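**Student:** Sharing a structure below in structure tokens format, with a few things to ask.
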Amino acid sequence: MIISAASDYRAAAQARLPPFLFHYIDGGAYAEHTLRRNVSDLADVALRQRVLRNMSDLRLSTELFGETLAMPVALAPVGLTGMYARRGEVQAARAAAARGIPFTLSTVSVCPIEEVAPAIERPMWFQLYVLKDRGFMRNALERAKAAGVTTLVFTVDMPTPGARYRDAHSGMSGPNASLRRMLQAVTHPRWAWDVGLLGRPHDLGNISAYRGSPTGLQDYIGWLGANFDPSIAWKDLEWIREFWTGPMVIKGILDPEDARDAVRFGADGIVVSNHGGRQLDGVLSSARALPAIADAVKGELKILADSGIRSGLDVVRMLALGADAVLLGRAFVYALAAAGQAGVENLLTLIEKEMRVAMTLTGTHSIAEISADALSRVTRERAETISP
């Protein structure tokens, strides 16, 4: 298969993965309207082309939370990444480090913190959920500190799991799920050998280390489902802000008032995110929510954005809408599933090339210059229709 654009990796991943894994990463909540709008709304963002601007000197690097990034991109936390490639979190982290950007390890990763952190030279980020088991949360924070994690990404948009109907059809959940997954693995021998056999153990490393026993896929679903905490409020996060002395980012913000609450809480950054359309179907796409949030809190903390980003052009669009940086989730998992570390490195190379083209043709010499001025007048007027 010819890979000429970041989007090509999706088809490559689908060909390689058992359906339960492909649809788990590819799908969204309910009828998946928000999942689709994340992509389509971002594609509708029209940029303002400029010419004769002497674009011989482009600078993609940026500073974020005391780190220098080769470009304003980080790999997002994605659960079960180690099921998409052999020891997938390690491969993805190495790819990110090789391209000079951060990797964010998920709470529900296959590879534990202690396996991933020593595999790379640059510090990684760590994502944590709000869970009823505060002992687990404290244990995870202590281990992250000990491993040299610099930035904590705190996910707050999962007080309850989203209804992901596609999972029941694909075999991730639903009737006879274990049998269906086994049969799918048999019909995908490359994955079964490389990941299914050579990629063991497949337990949830961070959770297993705390529980003292292996945590397989079925155990994970039950444990996590029992630990979602719908009673959580801002006051319940105060002990974490006191415990964690490094940068702290609140992930899952879609409303300007919640963004202002994050500022009052003392967060160093937020991620404008609808969890990739995997939680509440029918909410705003990140691209539609971002301008009002940027109007409300820009300059008071760092604004990151995710959901729907499939190219370097999309990265520039998000920056023009008000983000300081973006997180890539599905896009890197597709590349990882298709070609491992090399696939993710190539994906990031493609993202960088596409950013350079977009910046050259919008007359923006550096990341700091990418602003609403890079948007077409029509797009600016549309963004202004959603007020904070």
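Each Cβ is built from the backbone N, Cα and C atoms, and glycine gets one as well.
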**Student:** Name the one residue among Arg260, Arg264, Arg278, Arg288 that Swiss-Prot lists for the same substrate site as Tyr24, Tyr129, Arg164.
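**Tutor:** Candidate listed by Swiss-Prot for the same site: Arg278.
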**Student:** When you put Asp306 (FMN binding site) at the centre and draw a 10 Å sphere around its Cα, which of the recorded positions Tyr24, Tyr129, Arg164, His275, Arg278 have their Cα inside it?
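**Tutor:** Taking Tyr24, Tyr129, Arg164, His275, Arg278 one by one, the ones whose Cα falls within 10 Å of Asp306 (FMN binding site) are His275.
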**Student:** Quick one: what's DSSP say for Val326 (FMN binding site), helix, strand or coil?
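**Tutor:** Looking at the DSSP assignment, Val326 (FMN binding site) belongs to a strand.
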**Student:** Considering all pairs of residues in Tyr24, Tyr129, Arg164, Arg278, annotated in the record as contacting substrate, what is the maximal C-alpha distance expressed in whole angstrom?
**Tutor:** 19
**Student:** Could you check what DSSP calls Tyr24 (substrate binding site) once collapsed to helix, strand or coil?
**Tutor:** helix
**Student:** Nearest to Tyr129 (substrate binding site) by Cα, among Arg310, Met318, Gly322, Val326 (binding-site residues)?
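**Tutor:** Among Arg310, Met318, Gly322, Val326, Val326.
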